[in-house]
Each structure stands twice: as C-alpha cells, then as structure tokens.
Amino acid sequence: MKILVMNCGSSSLKYQLLDMDNGKVLAKGLAERIGINDSLLTHQVEGKDKIKIQKDMKNHKEAIQIVLEALVDKEIGILKDMKEIDAVGHRVVHGGEFFTDSVLIDDEVIKKLEACIDLAPLHNPANIEGIKACRQIMPGVPMVAVFDTAFHQTMPDYAYIYPIPYEYYEKYRIRRYGFHGTSHKYVSLRAAEILKRPIEELKIITCHLGNGSSIAAVKGGKSIDTSMGFTPLEGLAMGTRSGNVDPSIITFLMEKEGLTAEQVIDILNKKSGVYGISGISNDFRDIENAAFKEGHKRAMLALKVFAYRVKKTIGSYTAAMGGVDVIVFTAGVGENGPEMREFILEDLEFLGFKLDKEKNKVRGKEEIISTEDSKVKVMVIPTNEEYMIAKDTEKLVKGLK
C-alpha cells in the first residue's frame, strides 16, 4: 500500500510518499512560500538528488497539484499514475475533545475540525485547507486525519483540568490538551519494541526536545500527563517559547511596557525561551557553541534553565506514574545533543540508571545509552511522525476493505 503523508502549514506543505509493504520512503519534499511570491518546491526521490522547482502556488490546492505532478513526472517522479496512491494521511494539530484517535475523513469530521479552529488558529485552518484541496483533486481516495492532540486524550481529568472556574471549561473547553502526540506515541511504541517488552507493563517518560519541546508520561501505552497544555506555550522552556511563567507577568508587562495582551503573548511565543535568555539564537547548536567554546554566560544560563526544567519534569512524572522503567530522548536536541542529555541526566541516577558516556556520544541513531546493568533504561530514538501517520492511515484504510 502506497500512502502520501501531508503536513500543511500556513504557507508550507511537507510531504512523504511511503510504501507500507516495506516501510520505505519513496519520495519526500517541501513546498514553501505558498500564497507568497517566489514559491518553491524542493522534491526528492529516494536515492536521487534534490530537485528545486520554482512555480507560482497561490494556495494549498495549487501546491498539492504541483506535488502530485512531480510524483508522476517521467523524469523526476516515482509513480506511473496518481492512482497508485492508495490513501492520504493528514497531520492535524488540534482535534479538541472530539478525537481520541486517528479518523477517516468525511464531511462530519471536517465540521468538527472547523469547530476546533479557535483552539489552534495558526495551524488548523491550513490543515483543513489541505484536506479540502486533496479531496477535490483526489476524489475517492481515502483520507485520514492524525492529530497531535489525540494521544493525550487518555489523560485523567485531574491531569487536564486547570484550577480556574469550572464554567470556563464547560463554556470554552479550556483545559490541557498536549501536543507532539504522534511523536510521543511513536517513540514509546518503538522503545517497547527495542526492549522486547509489552508496552502495557512499562512506565515510559518520552522527552521530545527541539525548538518546540514537550515531555509525556506514558503508562501502559497511554499518555497520563504531558507538559504542554491548552496551547504549545505551556511547559518547558523552548527555542523561542517561554513555557511556564506566572500569568501575572502578562499584565505587569502590559502596564510597564505599554503593550497589548497580544503583544505580550507574541513575546512569550517568539522572543523568549533559550533565545530570550541567551540573546543569541533559538538554535541550541549556536547556544552550546557560545556557552562551551566562548564562555558566554547568558548562553550557559539558557542551557541550565532548559535542562533544569526538563529534569524537574522527569522527576515529577516519575512520581505521577509511581516509578519509571524507560526514559526516551527524541527530536532535534534529544536525538543530536549528547552534552544536553548529560546535562539533563546529571543527578537523576538515583532513579536507577547509570549513563554510559561512550554510548551517549550517539547522534540521530537508536541507542540504549544507559549501562547494561541499569534497572531503568535510557534511550535515544529518532522520531518518525510521518511513518506513524502512514501506519495509522494504513490501519484505518485496511479496515474499509
């Protein structure tokens, strides 16, 4: 079965074509600057060079059309005919309380997605536009929506309810949702596979650490808590996001700096985190360089704040689950940052592991980085959200037949 996975951003479209018979990526690419001038498609068939195509893309529909043309093109494509695509899996950021799992898309599902726009005004409109365009261009091809929030819908109410007047939850569905669910789900399943243990008997803490970062407590294969909340602004310090701050800071800054609420939230989303503290960059590589090679004090402080918050969250989730069997690192920093992993794990060895410093040098590959005699296993597992989306799509489409 060949599955096209799509991730539509406000002005971009990331895609992968996967052959689920062997799990291989056949082609992948990125359409950028959709609806802006100088639109660009970067397309790559597995084993061949990247190809850049400059072509006007006024909207997502035109971008999808160009992607499909590239996939069936005699010279740069991989398919003979569009009919070879058996299904399309769409990444959708927010499924609200409607969706606890991936779902086959029909008109009813689209209505519910539109009802969630308030919860993800930056992401859901583009996700929906991509779905609608695909349904027009590829009528009759089954489509599946896979949600960033769905995996965390197993959180108990005491983990997701905010201690504010309950009527706001009833009226506006203000609660903790959590994000990066597809990544947390993939790496927790993969950890159980690698350890050859049933996931039902494991307590796993998954650390998705990148420009956006979140941690999940996965007990028996179900998410029981996660660090992001109503929006992806809650939780850890991130690349440019503040994570948890005292809400009174917002009104304090409005008053002192003459800013609107929107402007302060913008600062917390785009100018804070390790970028805000260091004043250098939101790229952890730049900050590590400045901290370790140039002795930059604020860069070092940014790294310490980031690591400290991750460490605290690992500790609190160990308490929430009554123990931990596995700690997993994934995403950009988690997969490729040996120094940061060591920083985070320092003083956590009382949980029942010893870090193998040699194995911890690994970057971007699956590896158990704790010593063999460690009771608690610490692992690096590169995330693969596209594969997880394709897997869910395959499962639902096979159920149709």
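Every residue gets a Cβ built from N, Cα and C, even glycine.
Feature annotations, reproduced from Swiss-Prot:
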BINDING   Asn7, Glu385  Mg(2+) binding site
BINDING   Lys14, His208, Leu209, Gly210, Asn211, Gly212, Asp283, Phe284, Arg285, Gly332, Val333, Gly334, Glu335, Asn336  ATP binding site
BINDING   Arg91  substrate binding site
ACT_SITE  Asp148  active site, proton donor/acceptor
SITE      His180  site 'Transition state stabilizer'
SITE      Arg241  site 'Transition state stabilizer'
If you count CB neighbours within 10 Å, which one among the binding-site residues Asn7, Asn211 has the smallest count?
Asn211
Taking Lys14 (ATP binding site) as the reference, which of Asn7, Asp148, His180, Arg241, Glu385 (the recorded positions) have a CA within 10 A of its CA?
Asn7
So the record assigns Lys14, His208, Leu209, Gly210, Asn211, Gly212, Asp283, Phe284, Arg285, Gly332, Val333, Gly334, Glu335, Asn336 to ATP. If I measure every Cα pair among those residues, what is the longest distance in angstrom, as a whole number?
24
Asp148, Asp283, Glu335, Glu385: which of these recorded positions has the sparsest Cβ neighbourhood within 10 Å?
Asp283
Which residue, out of the recorded positions His180, Arg241, Arg285, shows the minimum number of other Cβ atoms inside 10 Å of its Cβ in this structure?
Arg285
Counting distance between Cα atoms, which of the recorded positions Arg91, Asp148, His180, Arg241, Glu385 is nearest Leu209 (ATP binding site)?
His180
Do you see any of the recorded positions His180, Arg241, Asp283, Val333, Glu335 whose C-alpha is within 10 Å of Asp148 (active site, proton donor/acceptor), and which ones?
His180
Out of Lys14, Arg91, which has the highest number of nearby Cβ atoms, where nearby means within 10 Å of its Cβ, if these are the binding-site residues?
Arg91
For Glu385 (Mg(2+) binding site): DSSP state (helix, strand, coil):
helix
Looking only at DSSP and grouping its letters into three states, which state does Asn211 (ATP binding site) belong to?
coil
Return the residues near Val333 (ATP binding site) by Cβ distance under 8 Å, restricted to its own chain and a separation of at least 6 in sequence.
Leu209, Gly210, Ser213, Phe284, Met340
Check the DSSP secondary structure of Arg285 (ATP binding site), expressed as helix, strand or coil.
helix
